[in-house]
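Quick notes on the structure that follows.
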Amino acid sequence: MLWLVLSVVLLSSGCFAQSDDEEAAQIWVDQYNQDVQGVYFDYVSADWTYNTNITDHNSQLANEKAAESAAFDNQKAIEANNWDWPNFQNESLKREFSKIADMGYAALSDEDFNNMTKLNSNMTTIYSTATVCNKPGDTNGTCYPLDPDLEEVMSSSRDWDELVWAWEGWRNESGRKMPDTYEQFAELLNKAAVINGYADNGEYWRSWYESADFRQICENLWLELKPLYQQLHAYVRSKLRDIYSGHTFPGTGHIPAHILGNMWAQSWLALEQEMRPYPNKTGLDVTDELIKQGYNNTGLFLLAEDFFVSLGMDPMVDNFWENSMIEKPTDGREVVCHASAWDFYNGIDFRIKQCTRVNTEWLITTHHEMGHIEYFMEYKHQPVQFRDGANPGFHEAIGDVIALSVSTPNHMESIGLLPEGADDPEVDMNFLMSEALKKIAFIPFGYLIDQWRWDLFGEEFDRNNYNGAWWDVRCRYQGISPPVTRSASGDFDAGAKYHVPANTPYIRYFVSYVLQYQFHKAMCDAANYVGPYHRCDVYKSNEAGDLLRAMMETGASRPWPEILEQMTGSRNMTAQPLIDYFQPLMDWLIEENADETLGWDETGCPVGSIVP
Ligand SMILES: *[C@@H]1O[C@H](CO)[C@@H](O)[C@H](O)[C@H]1NC(C)=O
Ligand SMILES: *[C@@H]1O[C@H](CO)[C@@H](O)[C@H](O)[C@H]1NC(C)=O
Ligand SMILES: *[C@@H]1O[C@H](CO)[C@@H](O)[C@H](O)[C@H]1NC(C)=O
Ligand SMILES: *[C@@H]1O[C@H](CO)[C@@H](O)[C@H](O)[C@H]1NC(C)=O
Ligand SMILES: *[C@@H]1O[C@H](CO)[C@@H](O)[C@H](O)[C@H]1NC(C)=O
Ligand SMILES: *[C@@H]1O[C@H](CO)[C@@H](O)[C@H](O)[C@H]1NC(C)=O
Ligand SMILES: *[C@@H]1O[C@H](CO)[C@@H](O)[C@H](O)[C@H]1NC(C)=O
Ligand SMILES: *[C@@H]1O[C@H](CO)[C@@H](O)[C@H](O)[C@H]1NC(C)=O
Ligand SMILES: *[C@@H]1O[C@H](CO)[C@@H](O)[C@H](O)[C@H]1NC(C)=O
Ligand SMILES: [Zn+2]
């Protein structure tokens with residue numbers, strides 16, 4: 001995901017006379033909307049070039065364009081404050097002005113801004129070009145990048161030592177090279193936040209959710225979902241103890257972080273086969289079938305597009321197919337492989353950049369990224385400041401909500417990726433387990449990254465404990481532990497996760513995992529679906545499509561609770577639809593876990609695993 005994020009801040013009005021002439025303000029803002037598109041287009045284009053061809057030269061060009069764009073934002077914020085916009089009668093105009101008046105990082109001096117972008121590209125470059133050598137057993141000196149090699153090891157290897165090599169090696173080569181840079185970087189982010197009237201950058205990021213008690217809202221959602229996670233955790237831990245019976249697990253109940261099938265233990269889907277409730281019934285991993293049927297990367301994109309179009313939404317435009325980067329280049333170029341969707345702000349240029357591979361996870365990721373593109377296309381008629389998600393979590397939820405339908409056994413059967421016979425309660429349970437390994441496993445991870453960053457920005461801990469504090473939340477929320485000793489200050493494992501060096505806020509994913517089940521329920525209801533929601537597939541339902549489109553075309557033009565209410569009937573985020581969706585699996589897990597001790601020691605990591 002990537003799009004320019006701007007938000008609401010009420011700058012104090014200054015002591016000069018301000019105009020309340022809304023007609024003149026309208027004329028000014030129309031001109032602004034014409035001008036800003038070109039400025040953002042230039043910046044996004046340069047950033048695209050850097051992301052698809054990492055060189056010092058391209059990094060420098062992108063940073064120059066970022067500075068030009070920031071200077072423009074800064075100037076327009078000052079001009080906007082020539083109006084007494086907080087007292088405008090027209091709510092929409094007032095909202096647009098409030099967003100233009102929010103300078104964000106453009107509030108920094110030129111020198112600080114340039115420092116900030118340089119520190120940022122230093123970290124993304126390290127992350128995107130890191131490789132790990134000395135694989136156990138290799139004698140030829142090959143070094144392996146994260147994408148695809150290390151990710152492939154993490155998902156398919158069941159060799160403890162090989163997994164430790166990939167897990168530790170990746171952290172050695174990425175995160176560990178960043179903590180001092182990150183410290184300086186965080187200082188500059190905070191500096192901008194303070195200029196804008198926030199206590200720190202964490203408060204600034206949270207302000208995008210336009211809810212005074214946002215932190216508490218998240219905590220409450222987590223507490224609602226924790227019992228589900230604990231059940232899944234206990235079940236998976238017990239299976240993993242069998243699989244790795246020659247290795248000792250911590251007595252504290254934590255699961256070693258490197259055996260969950262993913263570099264960050266954020267999705268456990270790679271363990272689907274081993275975790276299947278009914279191993280002799282069809283599983284939901286369609287990778288082999290995709291390969292057997294000769295799918296290529298384009299084929300995955302066409303499948304995703306077909307679903308959106310079936311709901312009455314727009315197909316991808318020619319520009320999209322011509323300019324997107326849908327596989328890792330083979331011409332030796334370094335690229336940022338991390339998947340993202342791009343809005344170029346000219347209403348015709350939208351792109352995805354990802355290093356696709358043909359497997360189940362990429363099928364879902366492709367839907368996720370295309371959901372961003374559909375959102376961009378639906379709100380392209382809005383003023384630039386409203387071309388955004390109702391809140392950042394909405395943007396992350398679109399593709400995922402489509403994937404909830406696509407993943408159902410019935411849908412997979414209808415597109416020929418699962419054999420007939422999917423209509424079976426045991427297949428259903430296998431399906432719910434595979435969904436839980438993606439979704440429920442992710443919940444604490446989605447929550448903890450910004451717990452840690454918010455606290456870092458709030459100076460709840462300092463540079464000497466960056467990594468100690470990181471492991472506090474990893475052990476506490478996820479119930480996982482490091483497979484090898486970590487240093488509280490020397491390692492920087494947060495930096496081994498893309499969104500930290502790339503400076504992408506993360507709570508949006510947690511929010512989207514809650515919202516997408518609210519959306520799914522609303523769309524299934526609109527399609528007149530009757531039955532358990534985990535079996536609902538809204539393919540070809542114009543009613544479901546209309547509901548989703550009405551939400552998307554509104555962009556960020558109104559506060560999100562209004563937009564949520566229009567779509568779901570509720571102004572609040574609630575975990576209930578998610579809980580209901582997984583209820584049959586929970587009932588099954590509770591029985592299965594009868595002899596297990598649920599949970600783990602939540603006071604910290606196993607003794608000795610974190611050293612100064
Ligand atoms: C990558 O960027 C460099 C400039 O830094 C340029 O010389 C080169 O041609 C670019 N490569 C591709 C494939 O565009
Ligand atoms: C309020 O402003 C918006 C956008 O600036 C404009 O489209 C709309 O017509 C205005 N509404 C009224 C009632 O003037
Ligand atoms: C900005 O960069 C300069 C030179 O690289 C450095 O000396 C200075 O400390 C940096 N400022 C901040 C606030 O990080
Ligand atoms: C990042 O910055 C560090 C410290 O200034 C420097 O040693 C390193 O070469 C830089 N890396 C990249 C990829 O720019
Ligand atoms: C290096 O050796 C490994 C096996 O040890 C092999 O899989 C790989 O293909 C070799 N790479 C090269 C470049 O020869
Ligand atoms: C990571 O770095 C540590 C400390 O230098 C070293 O002991 C360890 O072998 C490295 N691990 C890998 C997999 O490279
Ligand atoms: C699955 O099938 C195997 C042999 O085909 C059998 O031994 C096993 O008991 C079956 N497991 C279950 C859970 O039905
Ligand atoms: C990829 O698959 C599509 C059909 O899904 C086909 O039209 C296209 O030629 C294939 N591309 C390549 C490079 O094989
Ligand atoms: C909705 O959220 C608000 C603010 O967090 C809370 O006061 C209210 O009780 C919630 N309403 C319902 C129905 O949960
Ligand atoms: Zn995304």
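Numbering starts at 1 and runs along the chain as it is shown here.
Heads up, the Cβ atoms here are built off N, Cα and C, so glycines get one too.
Heads up, TrEMBL stuff is auto-annotated, nobody curated it.
The disulfide bond annotation in TrEMBL covers Cys133-Cys143 (among others). All protein chains shown were included, and the count of other CB atoms within 10 Å of the CB of Cys133 (disulfide bond) stands at 11.
Annotation comment: TrEMBL describes Tyr209, Arg508 as chloride binding site. In the shown protein chains, 26 other C-beta atoms lie within 10 A of the C-beta of Arg508 (chloride binding site).
Here the Cβ of Cys355 (disulfide bond) has 21 other Cβ atoms within 10 Å, regardless of which shown protein chain they belong to. Taken residue by residue with DSSP, Cys355 (disulfide bond) is part of neither helix nor strand, so it is coil. Residues annotated as disulfide bond in TrEMBL: Cys337-Cys355 (among others).
According to TrEMBL, the Zn(2+) 2 binding site annotation covers His368, His372, Glu396.
Summarising the annotation, TrEMBL assigns active site, proton acceptor 1 to Glu369. Using a 10 Å radius centred on the Cβ of Glu369 (active site, proton acceptor 1) and all shown protein chains, the other Cβ atoms total 23.
The active site, proton donor 1 annotation in TrEMBL covers His499. Less than 8 angstroms from the CB of His499 (active site, proton donor 1) sit Ile449, Pro505, Tyr506, each of them six or more residues away in the same chain.
Summarising the annotation, TrEMBL assigns disulfide bond to Cys524-Cys536 (among others). Under a cutoff of 8 A between CB atoms, and with a sequence separation of 6+ in the same chain, the neighbours of Cys524 (disulfide bond) are Tyr533, Cys536, Val538, Ala544.
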One should report the C-alpha separation between Glu369 (active site, proton acceptor 1) and Cys337 (disulfide bond), rounded to whole angstrom, as 13
Comparing the Cα of His372 (Zn(2+) 2 binding site) with the Cα atoms of the recorded positions Cys133, Tyr209, Cys337, Cys355, Arg508, the shortest distance belongs to Arg508
What remains of the recorded positions Cys133, Cys143, Tyr209, Cys337, Cys355, Arg508 once a 10 Å Cα-Cα cut-off to Glu396 (Zn(2+) 2 binding site) is applied is Arg508
Out of the disulfide-bonded residues Cys143, Cys337, the residue with the smallest number of other Cβ atoms within 10 Å is Cys143
Taking only the CA atoms, the spacing between Arg508 (chloride binding site) and Cys133 (disulfide bond), expressed in whole angstrom, is 34
As a whole number of Å, the Cα atom of Cys143 (disulfide bond) is distant from the Cα atom of Cys337 (disulfide bond) by 17
